[in-house]
Each structure stands twice: as C-alpha cells, then as structure tokens.
Amino acid sequence: MKTKQFILLGLPGIGLKAQAAALAERWQVPHVAMGELVRGAIAAETAIGVEARPYVDAGELIPDALAMKLIRKRFEQPDTMLKGWVLEGFPRTLAQAQAFDEWWAAVGQPPATVAYLKAPPEFLIIRLLNESSEKPPISAIRDRLESFQQSLEPLLEHYQQRSQLATINASLSSAEVANALAQLGQEDTGAAKLIRDEAELDALLASEPLLVVDCMASWCGSCKQVMPSIDKLAEVYGDSVMVRKIDFDANRQITKRFELKGIPAVMFFKDGERTETLTGIKSYQEYNAAVNRLLA
C-alpha cells in the first residue's frame, strides 16, 4: 500500500490549514505548510529566506523557482519520503504544480491525491467576515475570492486531466469534511478490500458468519510484509470467508475496542465473536491455519 500523499487546495476561508493539520495527525504523517516554510526560512535568514523576504514584505507570491527550492528541501527529508505527507499552501501556480510533478516522479514517487475543498462564495464571505476583526467590505472579500479562484482554475484543470483530483464539499461541518478527506486515503488495494470505518465493520460482524480483518497502516513496514498473505487468503477462500483490511490511522478507536497490542493485527471472527488475533508478522501457513479453525 502506498504512503498517503495529499495536496489540499481551496479558497481563503475554507479552513485548509486546520483540515491539513487534522488529517496529518489522524494519519501520523508530516503536515507541510508552505507559509510556515517561507516564514521559517526568513526567520532563520537562510539564503532562500533572504531572497524571499522582499516578496513577502510586498505581499506577493515568491517566485516559482524559489518555492520549489523550499519544497524540495523539505520533501527530501526522510519523514516525508517514507511516511507520506499532507501539503497545503503549495502549489499556487501551474508552473509550480508541473515542476513538483516532474521532480516527484523523478525520485520514484507516485502522484499525490489532490483534494479540492469547495464551498459557495456566500459561505466563505460569511466565514471570512466572522474571522476578521476589521470587517472589510463584502465587495473586497468577493473580489479577493474571485481573484483566488481564477488563479486556482489552472491547477484544478491540471490535476483533473491527470486523474488526481477529488472534490470535497467544504460547506459541511468540519467533522464531516475531515471524514470525507480521510475516506480518500482508504484505497482498495489487493484482493482484500478496505473497510471504510467502524460502522462498516459492525455491519460485517452482524452479517458475515466468518470474517477476517487485518488492522494495518500505510507507514507500517511489518504491515506491508503481511499484506500479500492477507490478499492470498481473500483469493483462496473467496465467498466462504470474508477477508478485509481496516486502516489503523483512520480508525484508531478499534485498537482500544479490541485491545490490540500492535499492528499488523489480524483478527478472526465467527458469528460476530472474535476467536483469536495474530499480531506481528506471521507466515501464510499460520494465517491459513487460523482460517481453518474458523471453518471447523
């Protein structure tokens, strides 16, 4: 399973920073904020920071090449390369998007998922008015949103053409938006499909007489070693035993519910009751034997 790599796009007032931070915390991956990278470089008076300061002081975007230098410096660190990331504040231009795509592919990484958080202008105007102590004219806010949307359109078209773009209804509650984003990271990979959430797990426990659930995470090396065995179980047993995976990062409450001692943790259920759990890396033969005990 590939690491979670997400770019969040949206207009001012949409709450990108909060959603990015929450998503990164949920998945235990780095939250990369372009604004913080720029401010950090300026505060540290690095060569990039010195070059960026005049643009920031003038309220302008830093040049594309400079933005890419900052991004590359951050993304070349081991945590982003190995664990994944959630990025906001970049790209701001089509040139930045294209440069990042080219470089990221060159270092052997798959394309990121791009989530566009979308809400009606009226919704954003009200939110921006409530957030501002200066209460700017509504016309000024509307002009700002329209200008930002115009700059965003080439990015949306670019990612749409590359089949990377997903649109999220950001006029919902923060919790609903967060859940929608989390669902984007639960790709169905392999023969054993992913359980979306605890509600789906409960439904399977109620309906499936024999169920195997692999609790795993994209950053977990041991989980990746176990996945081929779980997929093989799904292929071998087909309709006689339901074999599924569940994402630990998006469903952390299940570790407490089932008192799991670590991951990967493969749970075996019969008529809704757990019969055993195999934790850590086991051989296919051990998983197969556990399934046979279910069938006995």
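Glycine is no exception: its Cβ is also placed from the backbone N, Cα and C atoms.
Sequence annotations record features per position, and here TrEMBL assigns AMP binding site to Arg39, Glu60, Leu61, Ile62, Gly89, Phe90, Pro91, Arg92, Gln96, Arg144. Among the features that TrEMBL reports, ATP binding site is placed at Leu172. As annotated by TrEMBL, domain 'Thioredoxin' applies to 175-296. For 33-62, the entry in TrEMBL reads region 'NMP'.
Here the CA atom of the residue listed as 'ATP binding site' lies 22 Å from the CA atom of Gly89 (AMP binding site).
Counting other Cβ atoms within 10 Å of each Cβ, the binding-site residues Leu61, Leu172 show the lowest value at Leu172. In the three-state DSSP reading, Leu61 (AMP binding site) counts as coil. Confidence over the domain 'Thioredoxin' (175-296), given as mean pLDDT on the 0 to 100 scale, stands at 89. Neighbour density for Pro91 (AMP binding site): within 10 A of its CB lie 25 other CB atoms from the protein chains shown. Considering other CB atoms within 10 Å as the measure, the emptiest surroundings among the binding-site residues Arg39, Gln96 are those of Arg39.
Nearest Cα neighbour of the residue listed as 'ATP binding site' among the listed binding-site residues (Arg39, Leu61, Pro91, Gln96): Pro91. The DSSP secondary structure for Gln96 (AMP binding site) is helix. Taken residue by residue with DSSP, Arg39 (AMP binding site) is part of a helix.
According to DSSP, the secondary structure content of the domain 'Thioredoxin' (175-296) in residues is 54 helix, 29 strand, 39 coil. The local packing around Gly89 (AMP binding site), expressed as other Cβ atoms within 10 Å of its Cβ over all shown chains, amounts to 20.
Largest Cα-to-Cα span within the AMP-binding set Arg39, Glu60, Leu61, Ile62, Gly89, Phe90, Pro91, Arg92, Gln96, Arg144: 23 Å.
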